Amino acid sequence: MPQEHLLIVSNDAIGKRVDLFLSEAIPGMSRSHAASRIKDGHVWIEGVPVRKSGVRLRPGETVRVWIPDPVPIEARPEAIPLDVLYEDDHLLVINKEAGLVVHPAPGHADGTLVNAVLHHCDRLSSIGGCLRPGIVHRLDKDTSGVLIVTKSDAAQTGLTEQFKHRQVQKTYLALVVGKMPRPDGIIDLPIGRHPVDRKKMSVHATRSRNALTLWHEREVYTGFSLLEIEIKTGRTHQIRVHVAAMGHPIAGDDVYGGRLPQSAPSRWASLIRRPMLHAWKIGFTHPVTGRPITCCAPLAPDMEAVLRELREGASLSVAFRKNRPSELRDNGADGRAISEEKSP
């Protein structure tokens, strides 16, 4: 049913933008959602419709918000190309491109990974429901890399248990701003919803869950470092939040402070248009055959181009450089690597 909220501007909200005020006052409402409600004429101040999100509030004003019923979303097959790393009767492992949303949601009813997979496969596991068929884990929209989709209920059930018991090995490559304090380390900081911005996560949340991240320095450049990261838990935005908490956010991650440093050439603004984070490798036990499976995803073209610029154009310190420029390629980071081995 449609919802209606009646709010009174208190003293601590005086001067706030109306979109920010609504995102803080109404549970589950983001600033973008508030802006949409304003744009659609569903927000009134003192009985007058508000048309701009930047309107500042005055003490004692009455703000009325109407939230209509959500429009039903149906996932339909779409002919969207997929980079398939591995496929059998039970599993589909793909290299997700950056910018691709995993499943339909308000604001992204089509053009998602699920739409592409529905077109590619004759059948998918039904456990995830009509909007998330076969989805056992996710990647952020702007994160590229390896992702597993299940085609059978048996595979979905088995992999869900492996993720639950932390039996899936997930390794990422991340380009971060600056240089980490040492070549290897562990970040053990709980993560929860940001107390003010509900779209963000934080290590200073009131309610949080444990989160464990292991990192290893692969290469060091002028102003940046390439890290190999393994996560032992799967919290929302975990890597992005943890490296930012260390003072070294992911390059291009404006949400968590990853704007390019002053030392970066201006031309890189055209190269780094998203957080430079790639899900490189995943290892798990096949939920039906019991065989170990390891899949590696080639780097996305934009991230590969950034690393090439750094390797060819940056002045790398010999003392700090941990790997020769070709080592990532030798280890499979720039090339496809899939193995299916018999259990001992």
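Backbone N, Cα and C atoms are what each Cβ position is placed from, and that goes for glycine too.
Taken verbatim from TrEMBL:
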ACT_SITE  D140  active site
COMPBIAS  324-344  compositional bias 'Basic and acidic residues'
DOMAIN    16-77  domain 'RNA-binding S4'
REGION    323-344  region 'Disordered'
Number of Cβ atoms other than its own within 10 Å, given for D140 (active site): 20
DSSP-derived class (H/G/I helix, E/B strand, else coil) of the residue listed as 'active site': coil
